[in-house]
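A.B. asks: The structure's right below; bear with me while I get my questions together.
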Ligand code: UDP
């Protein structure tokens, strides 16, 4: 049994591989191969990509920039990531559409919900870029929003190098314990950093399940879609 429709959230960091900054095409190709695997299971795949490998509004604000202006730049960064992912997926023969919350009609389609679901019904992967289209939000919130809109059964939160959700940072504390299952309420009450609180609230209020897993482990994406036990599930 596999999920019928999933929303995959990939942070921008996933695109940069071992480089300091930006996009590493070979890393993107590796990700695309994993995405193809889940597509080949017959699962409808929507993807929200972040932009943190290129630009983060909050960081720029800390350095003196106007927050809204910096956030719009962050949203533009997600469009570049989405285009790179589309390129890799289509090289593998996976028909892919990029839909943006900001209008950039020369390079991708505008986000129109009914058109997005139609693409999926026709077997295309849809990459949602431009975040929510509004500053002061994150691409995690965009993931929760699009998951609700396209009626995805689950959000696959692909993490870089961490296996799931822990009671404390596993990179700092050796005795950190991973949770197998959590509730959204617990995540919010304990301020667990899976996603920001706006995104977490949206998931809680709309009963969107999350699977938080390590995407650096090959095959994990497929395992998650097949419903194998891995990472942390948040319900
Ligand atoms: N952003 C925004 N509104 C959104 C989504 C993203 O303003 O709805 C901006 C924000 O500046 C953010 C940047 O885009 O820092 C990159 O997105 P995010 O940090 O969510 O990417 P990720 O951490 O997933 O790579």
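The count begins at 1 with the first shown residue.
For all residues, glycine too, the Cβ spot is worked out from N, Cα and C.
Because the structure is a prediction, the values reported are computed rather than measured.
As annotated in TrEMBL:
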- 4-214: domain 'Aspartate/glutamate/uridylate kinase' (DOMAIN)
- 9, 10, 11, 12, 52, 56, 160, 166, 169: ATP binding site (BINDING)
- 51, 71, 132, 133, 134, 135, 136, 137, 138, 139: UMP binding site (BINDING)
A.B. asks: If you measure from the Cα of residue 11 (ATP binding site), which of the binding-site residues 132, 134, 138 is the nearest?
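C.D. replies: So, spelling it out, the nearest of the binding-site residues is 138.
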A.B. asks: Can you give the largest Cα to Cα distance in Å, as a whole number, for the residues 9, 10, 11, 12, 52, 56, 160, 166, 169 that bind ATP in the record?
C.D. replies: 25
A.B. asks: Of 51, 160, 169, listed as binding-site residues, which ones have a Cβ less than 6 Å away from ligand 1?
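C.D. replies: List returned for ligand 1: 51.
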A.B. asks: Which one is it: of the binding-site residues 9, 52, 160, 169, whose Cα lies the shortest distance from the Cα of residue 136 (UMP binding site)?
C.D. replies: 52
A.B. asks: Suppose we draw a 10 Å sphere around the Cβ of residue 9 (ATP binding site). How many other Cβ atoms does it contain, all chains included?
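C.D. replies: Neighbour count, Cβ to Cβ under the 10 Å cut-off: 27.
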A.B. asks: Look up residue 134 (UMP binding site) in the DSSP assignment and reduce it to helix, strand or coil.
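C.D. replies: Note: residue 134 (UMP binding site) is coil by DSSP, not helix or strand.
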A.B. asks: Quick check for you: of the binding-site residues 51, 132, 134, 138, which have their Cα within 10 Å of the Cα of residue 160 (ATP binding site)?
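C.D. replies: If one measures from the Cα of residue 160 (ATP binding site), no binding-site residues come within 10 Å, so the answer is none.
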A.B. asks: Per the record, UMP is bound by 51, 71, 132, 133, 134, 135, 136, 137, 138, 139: how many Å separate the farthest pair of Cα atoms?
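C.D. replies: Max span of the UMP binding residues, Cα based, is 14 Å.
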